[in-house]
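Feature annotations, courtesy of Swiss-Prot:
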DISULFID  CYS40-CYS110  disulfide bond
DISULFID  CYS152-CYS220  disulfide bond
DISULFID  CYS257-CYS324  disulfide bond
DISULFID  CYS370-CYS440  disulfide bond
DISULFID  CYS484-CYS546  disulfide bond
DOMAIN    21-120  domain 'Ig-like V-type 1'
DOMAIN    135-237  domain 'Ig-like V-type 2'
DOMAIN    352-457  domain 'Ig-like V-type 4'
DOMAIN    463-563  domain 'Ig-like V-type 5'
CARBOHYD  ASN90  N-linked glycosylation site
CARBOHYD  ASN147  N-linked glycosylation site
CARBOHYD  ASN170  N-linked glycosylation site
CARBOHYD  ASN206  N-linked glycosylation site
CARBOHYD  ASN420  N-linked glycosylation site
CARBOHYD  ASN471  N-linked glycosylation site
REGION    622-641  region 'Disordered'
SIGNAL    1-18  signal peptide
TOPO_DOM  19-645  topological domain 'Extracellular'
TOPO_DOM  669-771  topological domain 'Cytoplasmic'
Amino acid sequence: MRLYLFTLLVTVFSGVSTKSPIFGPQEVSSIEGDSVSITCYYPDTSVNRHTRKYWCRQGASGMCTTLISSNGYLSKEYSGRANLINFPENNTFVINIEQLTQDDTGSYKCGLGTSNRGLSFDVSLEVSQVPELPSDTHVYTKDIGRNVTIECPFKRENAPSKKSLCKKTNQSCELVIDSTEKVNPSYIGRAKLFMKGTDLTVFYVNISHLTHNDAGLYICQAGEGPSADKKNVDLQVLAPEPELLYKDLRSSVTFECDLGREVANEAKYLCRMNKETCDVIINTLGKRDPDFEGRILITPKDDNGRFSVLITGLRKEDAGHYQCGAHSSGLPQEGWPIQTWQLFVNEESTIPNRRSVVKGVTGGSVAIACPYNPKESSSLKYWCRWEGDGNGHCPVLVGTQAQVQEEYEGRLALFDQPGNGTYTVILNQLTTEDAGFYWCLTNGDSRWRTTIELQVAEATREPNLEVTPQNATAVLGETFTVSCHYPCKFYSQEKYWCKWSNKGCHILPSHDEGARQSSVSCDQSSQLVSMTLNPVSKEDEGWYWCGVKQGQTYGETTAIYIAVEERTRGSSHVNPTDANARAKVALEEEVVDSSISEKENKAIPNPGPFANEREIQNVGDQAQENRASGDAGSADGQSRSSSSKVLFSTLVPLGLVLAVGAIAVWVARVRHRKNVDRMSISSYRTDISMADFKNSRDLGGNDNMGASPDTQQTVIEGKDEIVTTTECTAEPEESKKAKRSSKEEADMAYSAFLLQSSTIAAQVHDGPQEA
């Protein structure tokens, strides 16, 4: 094989550059007559994809003379042997140069712009002479750590003779191995001489785990003396050419490592070059650099030694030279196969800057915004939790078409927002076990993978959103309402209720959108957003969320589980929202029932304003019956007559008292109607009724007008001066009680009067018995 077909290509890439987003190889080496391909990367923007690309040579004066450009320009010295190709889909352009000469050695720039002073990257090209080798020399080119098999032919007459391989050093040839199993100490365990099958005209020497020291000239020989068969071999051992990786800040990168079947069973690793050493950042034995905690995975691909390492949430300091390898220790070892990369992190990232750490409290919630490529709005979105055990893995917890994992039932949902480049993941009912690292993923552009660290602290106060009770039961076929209380800071935000399922959380319609089976209403004055199920069906059972959001940005949420059951006979279901009202009614009924006459054991149902008159009539009729029975009686009836007279003398005054009470109630009702009619007068500015006066104190001056949550409006010279207090203050405990109108006060006075009258009657009745 002719020598010029083999090229020594050593590429060394520069460190992180923050001055220019253009990236390429810093040094390129080759030999005369060979060719090189130089790849330069540029940021992913429409302008960069369509602007001029160029390759120029720097002179002693600092000027850079264009040799070739994407506009079609080609200099004379490159005519017929160079071209420039733009790959906009990869955001790269490649300069190919053939028939290299030593005159091509020099300093160059690859760049973008209408002039050569635009964005650029410096490249040094060195072209060396072809090494002088014997004409019959066979050249083998291998990478460090790989194996080489040298083929040594011979004549049949030398078949019984000794075979050997030696390495030339100065004027001598040092033995490597021979057919008598003699091996140089430097090659023990690495060199092997053998023949294949029945072919007696060729022997082979295999050398494994090649190092730089193995490079040089070798001679393989069969036989001795002038009749011996000899062959010259030139072994070139090169460091693997680094692969360029151009990634945006906050994006992800994957290192695909293929080391060969011979190391399939060895431990694998990825390390980063640090001057003369390579520091392991992860290996399959469980070692992991703390700087990459929560954002790195190592994954075996197959049984042929292939594996990959994924790093998400790239930072500026992640740029550098990386190397993957395999060894039983999980650490870099000389003579073992490796692959190398040069990673460039572009700070002009298209991925939006999001919080890398989200904080929550136990019992609370978090809403995490995950970015994705806006051009791939139809892509599937996922959210997974990073686990560091073993080689690390990230099981999917929820996705746009993936059901929520069972352990996250009722507290995890993904909200897809097509078109704006963001989807939101909400996790509520937080516990300390939820703390950890989570990844945002799509099935589209793999660069758009981001990492979020969730920190959960113990709650020190009540949550902002409160739904009580936490476990509610609704009755089938009835109306059920549950309310969610929110603080003042959420006043301007949109409030919503949604029904959770393992495919998401469906937002329920509000009353403004029309009456439906499930609807939501919001009372801003009481800071309550209520959800009503009307009528309740079995399908309504499950988890519901109350939450707030600002436009497309989701905020806090809280969850409640609503059970649905059928009504059983003799049971009555009390809606939590009506509990206080029903308790008040029960109290009033208890006051009225206390007026039952113990003697007659008859209750007065639905006592009205004239109930006392009916009771007086009943008492009068009963007195007349007692007198009639006294006149028709015998001597024994005369004793009863005396008792009847005592009872009559007692009940007559009682009847008079009841009559006076009835008159008092009638007067109070008449006055109430007059007051209402009098205060119903309205002007074009103000409507006033008795219900507007909370109590007698409201008729006086207000000591704290600034604390009023209502808008105060004053007309000055035909202009409206509106003063609105946005501060939300809590009313005193007394003011939170239900305010009574004049009618309610009269009813309460009447009920108390009946109770007192019943007590007096009982005392009078017991008096004669004791006598």
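Every residue, even glycine, has its Cβ placed from backbone N, Cα and C.
Cα to Cα, CYS110 (disulfide bond) and CYS324 (disulfide bond) are separated by 29 Å.
Each residue contributes its Cα atom, and for CYS152 (disulfide bond) and ASN206 (N-linked glycosylation site) these two points are 11 Å apart. Considering only the recorded positions CYS40, ASN147, CYS220, the residue whose Cα is spatially closest to the Cα of CYS484 (disulfide bond) is CYS40. The two recorded residues, ASN90 (N-linked glycosylation site) and ASN170 (N-linked glycosylation site), have Cα atoms 49 Å apart. Mean predicted confidence for the topological domain 'Extracellular' (19-645): the pLDDT average there is 85. Straight-line distance linking the Cα atoms of CYS257 (disulfide bond) and CYS220 (disulfide bond), rounded to a whole number, equals 34 Å.
Between the CA atoms of ASN170 (N-linked glycosylation site) and CYS220 (disulfide bond) there is a gap of 17 Å. Checked against ASN471 (N-linked glycosylation site), the recorded positions CYS40, ASN147, CYS370, ASN420, CYS546 differ in C-alpha distance, with CYS546 being the nearest. Of all the recorded positions in the list CYS324, CYS370, ASN420, the shortest Cα-Cα distance to ASN147 (N-linked glycosylation site) is found for CYS324. Following the DSSP three-state reduction, the secondary structure of ASN90 (N-linked glycosylation site) is coil. Looking at CYS220 (disulfide bond) and ASN206 (N-linked glycosylation site), their Cα atoms lie 12 Å from each other.
When each of the glycosylation sites ASN90, ASN170, ASN420 is scored by how many other Cβ atoms sit within 10 Å of its Cβ, ASN170 comes out lowest. With respect to CYS324 (disulfide bond), the closest of these recorded positions in Cα terms is CYS440, chosen from CYS370, ASN420, CYS440, CYS546.
When the Cα of CYS546 (disulfide bond) is compared against those of the recorded positions CYS40, CYS370, ASN420, CYS440, the shortest separation belongs to CYS370.
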